[in-house]
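Participant: The structure that follows is given in the form of structure tokens.
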């Protein structure tokens with residue numbers, strides 16, 4: 001009997017050991033255990049869920065929130081409830097990610113307490129998220145209005161981070177394509193891609209003239225579109241100059257980015273019968289408008305996510321080597337970008353104006369304030385790209401401020 005019992009025990013231990021070994025090597029262990037790569041996607045889903053909640057509060061929450069007497073202090077009657085509700089959700093999201101920023105900033109190594117907090121403790125963080133989403137609805141309206149004013153500044157910080165990240169990625173891609181490793185093997189492919197990007201930008205300019213500047217009286221739109229075309233030509237000229245030699249790919253991709261920003265700007269203009277032929281389509285809740293809204297919502301999340309993991313573009317001192325136990329991205333910077341992104345989506349949902357009410361559902365980032373924010377962001381992106389091209393030449397020539 002003892003022999004049989006000992007054999008059963010050995011079999012049990014053997015099965016237990018195999019199960020433990022399987023769990024260590026399986027995807028389940030990677031999902032349940034600390035995983036910085038997976039954690040950033042979970043935070044992205046939390047941010048997406050918060051955006052959806054803000055949209056639901058804005059467009060469908062008036063009935064559900066009308067019983068809360070505390071919200072009735074909002075100026076502008078019940079139409080202002082949607083705007084204030086968005087700001088409350090935005091404030092809750094900001095509290096959540098700013099708390100994560102304060103508790104993870106300065107993380108350097110894996111398997112330290114801040115790394116475990118960033119990558120794990122999901123039940124606690126879900127409870128924290130629910131609490132931060134609830135807390136703003138008991139805050140007085142005057143404080144929410146103050147947050148709305150501060151959110152303009154935070155959203156501006158996010159836009160600067162985003163454009164630096166985009167321009168840095170384009171220049172990195174351009175340098176990678178023209179490196180010795182790929183230049184000779186893929187020269188034809190890069191040439192085709194560069195030409196396609198440049199002509200796509202020109203095509204976008206032509207379409208914007210047709211859709212948003214159909215008459216000579218549309219002077220503002222003509223100025224926006226024409227200046228975008230001028231910026232594309234200036235960037236291309238500087239990029240291919242004999243002293244720069246950056247090629248056609250980067251200005252082509254930057255041209256597409258500027259055209260996209262200009263399109264977003266003129267599309268954000270209030271409804272006019274003269275200059276905006278697409279205004280009637282934007283006010284209808286058809287499948288195209290809904291699809292555009294969903295794409296814009298996903299674009300917010302993707303832009304925040306991509307900028308958050310791009311902490312290396314904002315390092316003044318580049319680290320030469322990275323050890324295996326270093327964190328793959330800056331946790332503090334990641335959560336800071338998401339905190340600024342919370343202010344950014346709040347501004348988009350209310351059109352950058354706390355006294356502006358979205359009259360139509362499935363709309364986002366509409367109003368003259370939104371237009372000028374997009375235009376200024378486009379101009380800053382072009383200036384930053386030109387600066388990145390010129391500054392190495394200035395440093396190479398030994399320019400110093402005191403020599404001027």
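Using N, Cα and C of the backbone, Cβ positions are placed for all residues, glycine too.
Feature table excerpt (TrEMBL):
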type	residues	note
TRANSMEM	41-61	transmembrane segment
TRANSMEM	85-106	transmembrane segment
TRANSMEM	126-146	transmembrane segment
TRANSMEM	153-173	transmembrane segment
TRANSMEM	188-210	transmembrane segment
TRANSMEM	222-240	transmembrane segment
TRANSMEM	246-266	transmembrane segment
TRANSMEM	287-309	transmembrane segment
TRANSMEM	329-354	transmembrane segment
TRANSMEM	375-395	transmembrane segment
Participant: Report, as numbers and ranges, which residues of the same chain sit near the transmembrane segment (85-106): CB under 8 Å and 6 or more residues beyond its ends.
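Facilitator: Residues packing against the transmembrane segment (85-106) from afar: 43, 46-47, 50, 53-54, 57-58, 61, 65, 71, 114, 117-118, 125, 128-129, 132-137, 139, 144-145, 147-148, 151, 154, 331-332, 334-336, 338-339, 341-343, 345-346, 349-350, 354.
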Participant: Based on Cβ pairs under 8 Å, which of the stretches 126-146, 153-173, 329-354 lies most in contact with the transmembrane segment (375-395)?
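Facilitator: By Cβ pairs under 8 Å, 153-173 leads among 126-146, 153-173, 329-354.
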Participant: Do any residues, 6 or more residues outside the transmembrane segment (329-354), come within under 8 Å Cβ-to-Cβ of it, and if so which ones?
Facilitator: 36, 40, 43, 47, 50-51, 54-55, 58, 83, 86-87, 89-91, 93-94, 96-98, 100-101, 104-107, 114-115, 118, 145, 148-155, 157-159, 161, 268, 296, 300, 303-304, 307-312, 314, 364-367, 369-370, 373
Participant: When you scan the chain for residues with a C-beta under 8 Å from the transmembrane segment (222-240), skipping those not six or more beyond its ends, what do you find?
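Facilitator: Long-range Cβ neighbours of the transmembrane segment (222-240): 198, 201-202, 205, 208-209, 212-213, 216, 246-248, 250-252, 254-255, 258-259, 262, 265-266, 375, 378-379, 382, 385-386, 389-390.
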Participant: Sort out the residues at least 6 away from either end of the transmembrane segment (246-266), same chain, that have Cβ-Cβ distances under 8 Å to it, and list them.
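Facilitator: Those are 166-167, 170-171, 173-174, 177-178, 190-191, 193-198, 200-201, 204-205, 208, 212, 221, 224-225, 228, 231-232, 235-236, 239-240, 276, 365, 370-372, 374-375, 377-378, 381-382, 385, 389, in sequence order.
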Participant: In the same chain, which residue numbers or ranges, 6 or more beyond the ends of the transmembrane segment (153-173), come under 8 angstroms Cβ to Cβ?
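Facilitator: Distal contacts: 94, 246, 249-250, 253-254, 257, 303-304, 306-307, 310, 313-314, 337, 339-344, 346-347, 352, 373, 377, 380-381, 384-385, 388.
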